[in-house]
């Protein structure tokens, strides 16, 4: 648990988690101080130095290295493997593999755990302050400012994992406000909050949905349950097509009553969870939400974003609206660029984002201006991929819940799990 630190005007905040506070206490000692002394004296005893732990502020601004000075970050929720893999929990060989992984700076679980703790603390504040009447751009910046401060943003070493998704209502994914966006959150809106944190390329991807009108409570309940089912059934050697079937079954067991009409909750058939590679948010494997014949297996050591989307509409999305999300393609071809502005922009993208997704606001923050022509040219040349908003039919409502899981040798770690979801 964290709480706000109240700063008085003249107070200087402690610079480390071990800010010291000395307390003198006077204890009564009835015995004479020395033999032959006429009367007993009060003997002052100094208590041991009391250490005051640094607490997170509101809004969150204190970097995690100050809160966890030993460099060890909280472990996520642990779930044991089932059936043929149940032996892994107590296997000495698998335990040894994990110890070796923790000692390897390239493989250590500490990076994803640090990113997860940033996500938990930032979203705790976000869930508290996001209310109807706020501009979407202010919501996005609140989340991003908190993320940058807590992860102690440092170039491509640590920072925001991808643009903050704030998709509303029938729009399920990939909407983030562009510069100048004036959209305001409404009382009846259903808001998907999807944001990421990365540490040394290990991307923590987690999302939740907020509603301020109880009409769609059951929709949120259905999607949260479907995500939890996906997490519970995921594991080493699990086939992705079968996992999708478990998610579908849970999601379709719910219905929502809207204005006296009962609507089924449908999994969005062309959206999916995905594996996550270093500096690559979509790692190549997909966890669809409807049962299919994909025989691909999950493997030891992999990271997955288990995310599910439910809809009261047709259960299928199309690209619609102004694009905000972009990413340089990992294996993009080497194309000679004729536009000088495109060359310059690509250089800036490589320097600031690498293959991490970005949005127009991030380009402006990096100092770019009048970049749209160059950006569209990079998209047309197959160097940058655009990700327009993905929407169901207007009038439908969509919800999303998502967690990042790590398939460790001994058990499954739901690294982004928190008290909230």
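Just so it is clear, glycine is given a Cβ too, placed from its N, Cα and C backbone atoms.
Curation does not apply to TrEMBL; its annotations are automatic.
Neighbour list (residue 194 (divalent metal cation 1 binding site), Cβ cut-off 8 Å, at least 6 residues apart, same chain): 164, 165, 166, 167, 173, 205, 206, 207, 400, 402. Under the heading divalent metal cation 1 binding site, TrEMBL lists 194, 205, 402.
The feature divalent metal cation 2 binding site is assigned by TrEMBL to 205, 274, 307, 402. Sequence-distant contacts (6 or more apart, same chain, Cβ under 8 Å) of residue 307 (divalent metal cation 2 binding site) comprise 205, 207, 227, 271, 272, 273, 274, 400, 401, 402, 403.
As annotated by TrEMBL, compositional bias 'Basic and acidic residues' applies to 1-11.
The feature compositional bias 'Acidic residues' is assigned by TrEMBL to 18-31.
Annotation source TrEMBL lists compositional bias 'Basic residues' at 41-53.
Residues annotated as domain 'Peptidase M24' in TrEMBL: 111-315.
Per TrEMBL, region 'Disordered' is recorded for 1-78.
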Residue with minimal Cβ packing [other Cβ atoms within 10 Å] among the binding-site residues 205, 402: 402
